[in-house]
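Copied over from Swiss-Prot, here are the features:
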type	residues	note
REPEAT	101-111	repeat 'BNR 2'
REPEAT	181-189	repeat 'BNR 3'
REPEAT	861-871	repeat 'BNR 8'
REPEAT	1185-1194	repeat 'BNR 10'
SIGNAL	1-21	signal peptide
TOPO_DOM	22-1393	topological domain 'Lumenal'
TOPO_DOM	1415-1579	topological domain 'Cytoplasmic'
TRANSMEM	1394-1414	transmembrane segment
Amino acid sequence: MILLHFVYSLWALLLIPLINAEEFTPKVTKTIAQDSFEILSFDDSNTLIRKQDTSVTISFDDGETWEKVEGIEGEITWIYIDPFNRHDRAVATAMNGSYLYITNDQGKSWERITLPDSGESISPRGCYIETHPLNKNYFLAKCNYCEKTEVNNDNEENSGDEEGEFEIFNITRCTDKVFASNDGGKSFSEIKSSLERNENSPISISDCGFAKTSKDSDLESSDTSIICLFQNMQFIMDEFSSPYTESKLVLTTDWGKSLKEFDQFKDKVVNGYRILKSHMVVLTQGDRYNDMSSMDVWVSNDLSSFKMAYMPTQLRHSMQGEIYEDAMGRIILLMSRERSDQEEDKGIVSEILISDSQGLKFSPIPWTANEVFGYINLYQPTYLKGTMIASLYPLSRRRNRKGKAKGVKSKGVTKISVDNGLTWTMLKVVDPDNADSFDCDITDFENCSLQNMFYTREGSTPTAGILMTTGIVGDGSVFDWGDQRTFISRDGGLTWKLAFDFPCLYAVGDYGNVIVAIPYNADEDDDPQSEFYYSLDQGKTWTEYQLETTIYPNEVMNTTPDGSGAKFILNGFTLAHMDGTTNFIYAIDFSTAFNDKTCEENDFEDWNLAEGKCVNGVKYKIRRRKQDAQCLVKKVFEDLQLFETACDKCTEADYECAFEFVRDATGKCVPDYNLIVLSDVCDKTKKKTVPVKPLQLVKGDKCKKPMTVKSVDISCEGVPKKGTNDKEIVVTENKFDFKIQFYQYFDTVTDESLLMINSRGEAYISHDGGQTIKRFDSNGETIIEVVFNPYFNSSAYLFGSKGSIFSTHDRGYSFMTAKLPEARQLGMPLDFNAKAQDTFIYYGGKNCESILSPECHAVAYLTNDGGETFTEMLDNAIHCEFAGSLFKYPSNEDMVMCQVKEKSSQTRSLVSSTDFFQDDKNTVFENIIGYLSTGGYIIVAVPHENNELRAYVTIDGTEFAEAKFPYDEDVGKQEAFTILESEKGSIFLHLATNLVPGRDFGNLLKSNSNGTSFVTLEHAVNRNTFGYVDFEKIQGLEGIILTNIVSNSDKVAENKEDKQLKTKITFNEGSDWNFLKPPKRDSEGKKFSCSSKSLDECSLHLHGYTERKDIRDTYSSGSALGMMFGVGNVGPNLLPYKECSTFFTTDGGETWAEVKKTPHQWEYGDHGGILVLVPENSETDSISYSTDFGKTWKDYKFCADKVLVKDITTVPRDSALRFLLFGEAADIGGSSFRTYTIDFRNIFERQCDFDITGKESADYKYSPLSSKSNCLFGHQTEFLRKTDENCFIGNIPLSEFSRNIKNCSCTRQDFECDYNFYKANDGTCKLVKGLSPANAADVCKKEPDLIEYFESSGYRKIPLSTCEGGLKLDAPSSPHACPGKEKEFKEKYSVSAGPFAFIFISILLIIFFAAWFVYDRGIRRNGGFARFGEIRLGDDGLIENNNTDRVVNNIVKSGFYVFSNIGSLLQHTKTNIAHAISKIRGRFGNRTGPSYSSLIHDQFLDEADDLLAGHDEDANDLSSFMDQGSNFEIEEDDVPTLEEEHTSYTDQPTTTDVPDALPEGNEENIDRPDSTAPSNENQ
């Protein structure tokens, strides 16, 4: 009984304080205001300020009462507390930016500071003040000014300036200006930019800051040191809209009077800088012409010398404001991911890199390195030393089958470290009372833990280990933000318990003993009014306080920033008022809780950070109030005190890996070859190995007794020495236990993103060219197919084995996951709309329990929302095209064409629709073999009788025309053809003439502009059984094509010999072909074995398209103009691949050089500024590279062990300086697959200086493709090319900068044969025997408005040619009337009788009157015709009474003189002719015909039109165009006498009299000795 009484008494004693606590109600004071969203606190005071509308209000009693600040005039845009003088200083900025207000006494008085007037209008960014941490009188005022100019948004096309200028945006010019003051703002001086601003720079940036950024700064600098970054930016009007930036980073110590530039950054573009406590960090942009290029990080501790930090990945989208330093001096970089402008979450953090304590080697958070990409957040409470909480939210969004019913779900994982990131654990939920409310077993921490995302970088209010957060509990496989709840921790985040079932805003006070929380949604407790909850026992129990109004909480905060006070501000708003938002500001006061009792010593306990372990060589503890103590600490304005005790012995936790080492999977520091190359350890020794300690003590660690660290011998074999370019090459190796079976880059300049699929069906993504590779989380599904959108370069689609489709539109940074229609996957590719990114067609199988089931058939499903929803579009469709989006002038933009194969039939039909087959369905062809689209054409293969094919072409989707193939004796049935490509108005097609497997070949054809009329370009062009053809157009250059022909095609067709291939090249789009000229000597300086002058017997031959392992490995690159690699040999024909060498050309194929004796793989970088070769089919540890366009080659060892390189690649535009090698190495127990990223960026001294208008500069000159280049396609062209090998080009569309020097006169090379004509051995176009020219009147049917047509001359001008004048081989005949248009034709070419008769009669009357007047006044009056013979010039006997008489007499005398001379001339001529005839008859006795002394090209061209007269069936046979000179010498005895040289030449010459060649150049160059015609391959 006594015991029970004692228990009851004890219970009562404990209960009474709790009852008192429950009875306690905080003091709540409400203030109603308009448009007030931010409240600021002065440190260690009761004063608060806020901006209300455009004025400033202040409270001196922790927010209970407010008053307007009277000393501030005008409209205020924003206010802020001075971060270095938080106790008493605040700044208010005026709307116009010309002045601001400062208080130095917590708002009691305000001083107006007037800024210098620049004479320019201030921008909305206005001005703001930066203060100094040590001197209150030091100010930097940063202002932005913009000129009052209209923004021109016109997007007119380039006018086509000769030098390829890019248009500069005409936008408002804005300028940053910085003003400095050292007298508290009484006077300012401008720190002027040291960059000269030109008229094309719309933006000028000046960013200055004090070198000291904290009161405990470790940087070696004076108090007056100021760092300034000046930038001028201008924009290039190209497809990337890239800004061009020039910059200077300077230091001033005399307030801008003198500026000292940092030498290390003189030739670099400084993107930004950040001054920290111990470091200055500078970011330099890798490419000044691409603001999305990767950046380098430079670190300095003394503001004089900078070192480049090692980055494990490319830094492209850093958040410069989010570069900071932790307590250990480590630099933390937050990397944002680039997003489109339409996305709301643009700029969110995607990766976090943390340096070592020296700031020179960065690495990602370890457990995120091999995870998928996503949003990453790092929370480091400064008052909890060593604590880091990281959250990863992968960018894979999942939607349900219908897309929206269940909302957006995502995966996430959160981990915590209390030892500076050395070890990480899950956020454990230890809450037995609420265990049943979770969907997983909270005792299984690895699979059931707290996941959160919304921590800020630093905790705002210090507490003794008491933290709150919102999140969910699970295994990370499902994360729905709508299911968030609120949790609390009392041990610094290691363990958590549930506080509320809903998410809340929260704030803590009294070092965590008072907590206030308010739900985001007022309806959480089923009543419409808002409420807040508070706890006085560190979250153990909660009490509700009901508010009378429904508000949307904006912020809840402790009025003392150091967390020592017990007063709070709750700021919320309501939208109930029509005139704007109304704010409700609640002041909440807990200072009298527990009957105003203050805690005593026995109310406190020790709380140890990191569970009492050593952190940074120190054990930390905090004295905090016991949870159930009935008191408040009440040490207002005192900072939370942290007690530390140095640890006696140092452990491995106090060390980090030395620069040359990295941690392996077990946590051991092991040597890294790439880091060894970057360091200087091997520069200090001549030995093969050097001892290096793998561990170094963390900078700032306070442990007392260092650990003994043994050195490790590092191999220096193959490590480049300091001072060599090879020293600057950076290689990153990745090893895998699987093979990469597929890879493809996204074709953008934003970054070097690529997607890879391994042999297990797993997807991997890299955004830095393979340097870092991360796995894509497909939720357990095997990836069975990958499709890239050919029209939108950032989009790709991954097909999962369980019916999911994963789509990305940002190069793999994020994925949207949707379910495919409930149909069997057939493996058919997607078909995309060329103008709508989210519209595509998917093909699935219906009734396909078995793929062989007779009911199984394909169905085309349409999506317009990127795959969220699909609708069934057409049954039995196996291939569709969005035809309306492909044509330049479509008949209907919504037209879709589909190939349909019915279940019961083997035939296929082509149908079209303009409403996705809802109501409109039109059958275009009843029976087809297939169809495809290329270059604005759709070509349909239709079966014909006798197993032949016919092709039909359309350019609008409605009208189809049969493609007319040329008649040729070697073409039998049209059984197979391959569309090669379509560009600039013509289709190239290969028509098979021999289809015996292994012996395939055919003819190369080219169409006219509408794709309907084809002519033969070359015979016996090689193809393989799969239809691939040895045909390649050289990228970036007009009209250059390489093909391989079967030289022994007749015997191959007869099955007597195997194929013998020869390589041919054309420089005028197939009109003329030649064999490749071989180099005179090989790569070793030796002559080649074959030395025949005939190219038919000795030329260069290259392996072509049909033998490639990867069809992307082309000879040429669109960005490296004129350059080509190829594997081949010099000889009579092509040898087997293994017996060949590697050849290279820089002039588009005119001349070649052997660069390697064996087959090599090649790749272009930096627009050809860096060339890389690697041996093919043999193990190697080295690559060869050239920076002088192949003139010299250097070898570089990229790995320690030899590997078999499977492929070498880079970005599709070949503009990067980094290459990716895929290799396979033999290891113990098998082989391992490896990738090597080789970065050449640092071997160049600088970036080339480029004028964005395309003008020549010191580093770029215009030059022809080769010294022998003359006219090509009717014009002479020069290309802008780099001249200095020591600089790199970067992201400049260099291939687009060219200029035409002039248009040339037309020559034979500007023409090709017309339809039904063929090119004879002599170079002329002749009509095919037995055929007539194409019916020219057909054009009248295609164009009903025409009234006339012209007959073909046998030639047609090459579409690419711009020649003017000269030879007119395509000159049309006389016009003929179109059928049915005879009347219009006559009207066009006849003249009306009435007007003509009037004019004719009028002229006759005038002539008659004039003649009569002259006769009457000049002849009859002077004696008539009888005296006509007596008149002499100057005769005075004529009658002249006035001026009229004198004029008439002069006319008569002049006429007499003219007629008398004509008579004399006729008489003299008659005599000479008789004399000449006599001599000619004498010579006919000894000669058989006339001869010419010298017939030069000019004379020939003068007669060209005459030679072409007649239009006979041989197309005005010009005899031949063989390789002969244009001047013809004759024998001495044939030289005529002087008289003979005047022999009249009036007859038209016969074909035997025409010269044998037309020169290759134009008329202006005919006298040059090297002006010769191309050789003919059949001579």
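A Cβ is built for glycine as well, from the same backbone N, Cα and C atoms used for every other residue.
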Could you pull out which residues elsewhere in the chain have a CB under 8 Å from any CB of the repeat 'BNR 3' (181-189), counting only those six or more residues past its ends? 102, 111, 113, 115-116, 135-141, 224, 255-257
Within the predicted model, mean pLDDT of the repeat 'BNR 8' (861-871): 90
Could you tell me what the rest of the chain brings near the repeat 'BNR 2' (101-111), counting residues at least six beyond its ends with Cβ under 8 Å? 42, 45, 47, 49, 58, 69, 71-72, 76, 85, 87-92, 94, 129, 136, 185
What DSSP reports for the repeat 'BNR 2' (101-111) is 0 helix, 4 strand, 7 coil
Structural state census, the repeat 'BNR 10' (1185-1194) (DSSP three-state): 0 helix, 3 strand, 7 coil
